[in-house]
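Have a look at the structure below, then the notes.
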Amino acid sequence: MRPDSNTSVPSLIDRFGRSINYLRISITDRCDFRCVYCMSENMTFLPRAQLLTLEEMLWIAQAFVELGVSKIRITGGEPLIRRGALPFMRQVGLLPGLNELVMTTNGSQLSESAVELRAAGVKRINISLDTLDPRRFREITRTGDLPRVLNGIDAAIAAGFERVKLNAVVLKNRNHEDATELAAFAVEKKIDISFIEEMPLGNIIDHDRSQSYYSSDEIRRDLNRRFMLLPVTESSGGPARYFRIAGTVTRIGFISPHSHNFCGDCNRVRLTSEGRLLLCLGNEHSVDLKRVVRSHPGNMEKLKGAIVGAMKIKPERHLFELTGQPVIFRHMNASGG
Ligand code: SAM
Ligand code: SF4
């Protein structure tokens with residue numbers, strides 16, 4: 001399905017002069033976990049017929065790479081539960097011009113698939129882990145099994161990814177006291193970790209997000225009691241601010257949508273599993289790329305035109321507020337976090 005692709009490399013620039021070189025693809029909205037900050041317990045997932053096929057996703061990924069995107073992250077939902085995920089990633093990894101294929105996962109399937117993922121060309125992998133306490137892990141993920149995820153983390157380390165990073169969403173009075181142990185775990189495993197402030201995406205019933213807010217500065221203060229954090233000067237080009245734990249190889253990142261706005265450096269857009277191109281995680285602006293690929297099958301120029309045109313509606317910044325009703329009704333699993 002690649003008849004009239006062209007290889008000129010224009011770049012995607014939005015109205016605010018930001019260059020877009022990073023695409024996240026949510027290959028499924030489904031998940032084997034039901035994390036309390038991400039989903040409600042009884043989620044309704046999209047009917048399969050509404051999803052893009054993996055072939056359509058590959059076609060869209062190709063368009064982005066030809067438009068100058070050099071990094072693609074495969075995410076979800078839980079990407080590893082979509083049938084065909086591995087061969088799909090192998091094909092994305094082969095796109096000429098793509099420098100980095102990376103993935104975010106909850107780790108539940110990694111014991112079985114880490115080696116294959118590495119062989120498929122996935123360079124770096126982020127694994128979500130919010131606590132090392134099995135009971136709290138079950139409460140936060142509702143269905144997850146901590147030993148299984150820990151085995152998955154070990155499998156990823158053994159598989160030789162260029163970088164393994166943990167992601168922890170921190171909720172006050174839920175797991176904020178676990179941050180220091182998580183950092184010590186990352187040091188022991190010689191991997192990195194990022195702490196993320198919870199984002200108000202979608203309605204959840206588990207807790208009031210304004211009450212669970214725990215700022216990155218508070219986490220840093222807690223970590224400073226045990227570790228010396230040295231600022232890392234080189235920028236990763238993303239929303240995280242990085243520090244290195246003195247005397248270790250571990251970097252600590254802070255992703256702080258509330259306390260340190262990062263929109264000025266935004267370099268990314270997201271493709272949802274149903275084919276919406278989301279221009280910002282914290283706004284509803286989107287373009288229906290499924291309609292474009294289905295009404296003009298095999299027409300790469302039409303698709304590229306739609307993508308270039310979409311840059312005109314990329315918003316300047318997110319609309320996240322801690323109090324009041326969420327303004328974004330889509331959950332993180334449907335957004336491609
Ligand atoms: N299922 C995979 C996982 O959990 O890593 C990939 C998808 S998940 C939506 C991607 C990331 O988004 C995870 O690190 C998760 O912790 C984070 N996340 C989910 N809901 C969030 C929220 N409301 N605020 C901040 N981060 C969130
Ligand atoms: Fe699933 Fe990831 Fe959302 Fe947890 S954060 S429910 S693992 S998609």
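Counting starts with 1 at the first residue shown.
The backbone N, Cα and C atoms fix where each Cβ goes, and this holds for glycine too.
Binding site for GTP per TrEMBL: R24, T104, K165, R268, V269, R270, plus R73 from the candidate set R73, R225, R226.
When the binding-site residues C31, R73, G77 are checked against ligand 2, C31, G77 have a Cβ within less than 6 Å of one of its atoms.
Less than 6 Å separates the Cβ from ligand 1 in the case of T104, M199, drawn from the binding-site residues R24, T104, M199, V269 in sequence order. Using a 10 Å Cβ-Cβ cutoff, G77 (S-adenosyl-L-methionine binding site) registers 30 neighbours. In the structure as shown, the Cβ atom of R270 (GTP binding site) sits within 10 Å of 21 other Cβ atoms. In terms of C-alpha distance, the listed binding-site residues C31, M199, C266 place C266 closest to R73 (GTP binding site). Confidence in the domain 'Radical SAM core' (15-239), given as mean pLDDT, stands at 94. When each of the binding-site residues C31, C35, C38, C263, C280 is scored by how many other Cβ atoms sit within 10 Å of its Cβ, C263 comes out lowest.
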